[in-house]
Amino acid sequence: MFLVGLTGGIASGKSSVIQVFQQLGCAVIDVDIIARHIVQPGYPAHRRIVEAFGTEVLLENGDIDRKVLGDLIFNQPDRRHLLNSITHPEICKEMMKETFKYFLRGYRYVILDIPLLFETKKLLKYMKHTVVVYCDRDTQLARLMRRNNLSREDAEARIKAQLPLKDKARMARHVLDNSGEWSVTKRQVVLLHAELEHSLEYLPLRLGVLTGLAGIVGLLYLLTHYLLPSP
């Protein structure tokens, strides 16, 4: 099994593309959902965030106030690094758990939906393939204005706050161009799924695990039949 990192930009159509992959039966892990999950009350990251930033980051029900926390780390590299040092290990741990579940179920590849895949670069080394859902800037701007009922100025500000899609496209191994008709984009997704599904890149890990399991079974057989004393 291998990992596929998928990202996009605001109003690029990433969520719609993810839905198509899921309809095709693909395994998808949303890293944003994991990030929200691991900071819930009762989890280690929640306790460490409160210890590091104080009870002012808590809502009345004990949940983390994401807006307050975001304001605290805004333009504060040291605080942002501290928060990342708390959350990233827990995110990776949960991500690996979910990935292993899909491995046991026989999936050949798993898609990781990672909004900041190229910005943080922390998970890039684990990705066998990277995919960007792209659209040209004019299309992105028009979609964002229509979807969020924004002025042109506000929409442009939101787009400028992100790494440009054209830069992400240059860094990605695969680009799904969602600038035109949705039927064309959907066809690209289907073709990419077929390419990934028929790839043999999943074999090394699966063979390695099977070899390891065979070794353990063989060792247990030797222990029970030849090396351990009979009762």
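Including glycine, each Cβ sits where the backbone N, Cα and C put it.
What Swiss-Prot records for Gly8, Gly9, Ile10, Ala11, Ser12, Gly13, Lys14, Ser15 is ATP binding site, and it gives sequence analysis as the kind of evidence. The domain 'DPCK' annotation in Swiss-Prot covers 3-207.
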Practice task
Write out, in the order they occur in the sequence, the residues of the chain not among Gly8, Gly9, Ile10, Ala11, Ser12, Gly13, Lys14, Ser15 that have a C-beta within 8 Å of the mean position of the C-beta atoms of the recorded ATP site.
Solution key: Val133, Cys135, Gln140, Asn178
Exercise for the section: Counting other Cβ atoms within 10 Å, pick out the least crowded of the binding-site residues Ser12, Ser15. Expected result: Ser15
Practice task
Taking the Cβ of Ala11 (ATP binding site) as the reference point, list residues of the same chain whose Cβ is under 8 angstroms away and which are at least six residues distant in sequence.
Solution key: Cys135, Gln140, Arg143, Leu144, Arg147
Problem - binding-site residues: Gly8, Gly9, Gly13 - member with fewest neighbouring CB atoms within 10 Å - result: Gly13
Exercise for the section: Across the whole of the domain 'DPCK' (3-207), what does the mean pLDDT come to? Round it, please. Expected result: 93
Completion exercise
When the binding-site residues Ile10, Lys14 are compared by other Cβ atoms within 10 Å, fewest goes to Ile10
Problem - Secondary structure of Ser12 (ATP binding site) (DSSP, helix/strand/coil) - result: coil
